[in-house]
Amino acid sequence: MTVMEHTKAASIDLTKHGLRNVKEVVRNPSYEMLFAEETRADLEGYEKGVVTELGAVAVDTGIFTGRSPKDKYIVKDATTEEHMWWTTPAVPNDNKPITQEVWNDLKQLVTNQLSGKRVFVIDGYCGANPDTRLSIRVITEVAWQAHFVKNMFIRPTEEELASFEPDFVVMNGAKCTNQKWKEHGLNSENFTVFNLTERMQLIGGTWYGGEMKKGMFAMMNYFLPLKGIASMHCSANMGKEGDVAIFFGLSGTGKTTLSTDPKRALIGDDEHGWDDDGVFNFEGGCYAKTIKLSKEAEPDIYNAIRRNALLENVTVRNDGSINFDDGSKTENTRVSYPIHHIENIVKPVSKGGHANKVIFLSADAFGVLPPVSKLTPEQTKYHFLSGFTAKLAGTERGITEPTPTFSACFGAAFLTLHPTKYAEVLVKRMEEAGAEAYLVNTGWNGSGKRISIQDTRGIIDAILDGSIEEAPTKHVPIFNLEVPTSLPGVDPTILDPRDTYVDPLQWESKAQDLAQRFINNFAKYTDNAEGQSLVAAGPQLD
């Protein structure tokens with residue numbers, strides 16, 4: 001076995017991970033080498049990248065253009081039995097148990113796939129705080145998957161690589177599938193499985209890059225809250241005075257777009273922790289949606305798409321130009337890029353102080369919620385546990401139309417502990433920091449159109465500069481929300497959602513429908529006193 005390294009780091013032994021007769025290990029290659037490897041003329045199928053006119057390489061991920069939560073499993077053993085938020089028939093989630101025996105079979109499959117091959121190994125960190133970060137090792141035979149990992153995790157220095165020991169290993173066997181899936185009692189031949197005792201993730205059958213990123217997020221969501229540290233599906237940025245804001249929201253609600261703000265420095269766009277020192281990024285890159293991307297509306301993200309960025313599932317014309325408006329492969333077109341592709345970032349480490357503004361983003365497909373409302377501490381817990389939004393087309397396999405959904409903590413797919421644990425840790429951090437919370441609807445209203453990005457940016461500006469605190473307010477019934485009646489730079493006719501309907505009764509009937517869904521969803525949290533006490537903070541029907 002030869003080890004080709006673009007670092008001074010010591011050679012690595014992959015036999016301890018179960019790999020045999022590996023031909024060559026390419027460890028932490030440079031971006032130049034990855035570019036050459038992923039565009040090689042002899043590559044075929046999903047391995048082959050094409051160079052676009054912007055300089056970024058574009059790849060296709062096949063039938064999996066989003067995560068496949070139905071194929072996610074976790075080994076149930078002494079490590080996980082007590083703390084893991086296991087799925088139940090009454091409250092289903094994505095944490096489905098498998099036995100050690102099934103794991104052993106799947107591990108054999110993946111190690112067979114990667115053994116005897118030339119493999120890429122990327123060693124990196126998940127978490128900008130050295131005290132709580134996970135040292136991650138990803139092993140793959142596909143160059144662009146190594147590129148994705150290099151973009152998305154925190155890149156170690158040569159000194160750190162020399163003594164690097166992984167806390168968690170990801171083995172990506174995208175080319176292999178499990179033919180014994182029925183016998184194993186699994187959902188399909190594809191799999192994304194975790195073993196917290198072995199501290200390993202195995203991937204088979206899916207080429208989608210996000211499985212590696214979100215897999216490690218799920219692990220941070222397990223380890224950190226047990227130490228009293230908030231682990232959050234949010235973006236974060238910092239103002240010139242050092243004030244920190246965090247934005248919660250599911251895919252497509254505007255986390256990346258709204259936190260990438262020329263007036264503020266970006267801490268990160270998707271995954272963060274909040275400890276005694278403040279808010280810190282888990283990642284070393286961004287993973288932005290590119291559907292309908294334009295230079296005018298989102299200049300920072302557009303300008304980040306250059307050499308070393310990696311596009312997924314976009315339509316590339318023969319001349320190398322990109323049709324960002326084409327969602328024929330998927331609405332979930334993406335780009336990953338190292339965070340330094342955004343000019344205005346917090347340096348040298350992606351972390352800030354304690355947050356003083358917490359923003360919940362919802363894309364309301366019903367057209368009921370106000371564009372912005374200020375939340376009481378009880379409403380904060382209620383809406384955090386509810387995690388309402390509309391699932392937008394194509395962000396998960398099998399979802400094609402906007403449908404309303406409730407996702408606990410704005411990230412139920414990535415939670416590995418009970419949702420109330422995250423709410424408890426977040427609200428404790430907010431109370432200690434004196435942070436205010438706001439619910440922002442980036443979705444639709446009675447006009448049938450999506451609220452414009454310009455109006456939403458105006459709302460965010462008013463929250464961040466404090467002018468929303470000076471604005472006169474009115475009460476919106478059913479949801480019992482306080483909304484401003486005017487904000488600088490925001491169309492005043494949209495602030496009360498009832499005003500966007502020709503007939504206000506139409507809003508009322510939709511609001512009652514949505515309120516009932518909130519109430520039905522929240523019932524699962526009312527099996528204890530804390531949950532029961534929050535019911536009054538949610539929508540009320542007479």
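Cβ from N, Cα, C; glycine included.
The substrate binding site annotation in Swiss-Prot covers Arg67, Tyr208, Lys214, Arg334. Positions annotated as Mn(2+) binding site by Swiss-Prot: Lys214, His233, Asp270. Positions annotated as ATP binding site by Swiss-Prot, on the basis of sequence analysis: Lys214, His233, 249-257, Glu298, Arg334, 450-451, Thr456.
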Alpha-carbon spacing, Thr257 (ATP binding site) to His233 (Mn(2+) binding site), which is rounded to whole Å: 15
For His233 (Mn(2+) binding site): intrachain residues, at least 6 apart, with Cβ closer than 8 Å: Phe217, Phe248, Gly249, Leu250, Asp270, Glu271, Cys409, Phe410, Gly411, Phe414
Top Cα neighbour of Ile451 (ATP binding site) in the set of binding-site residues Arg67, Tyr208, Lys214, Arg334: Arg334
Extra residues within 8 Å (Cβ to Cβ centroid of Lys214, His233, Asp270), Mn(2+): Lys213, Phe217, Glu271, Gly411, Phe414
Rounded to the nearest Å - Cα separation of Lys214 (substrate binding site) and Thr253 (ATP binding site): 17
Closest of Arg67, Tyr208, Arg334 to Lys255 (ATP binding site), Cα positions, binding-site residues only: Arg334
Conformational class of His233 (Mn(2+) binding site) under the three-state DSSP mapping: strand
Packing count at Lys214 (substrate binding site) (other Cβ atoms within 10 Å of its Cβ): 23
Arg67, Tyr208, Lys214, Arg334 excluded, remaining Cβ within 8 Å of their centroid (substrate): Gly66, Gly209, Gly210, Glu211, Lys213, Tyr287, Asn332
Packing count at Thr257 (ATP binding site) (other Cβ atoms within 10 Å of its Cβ): 24
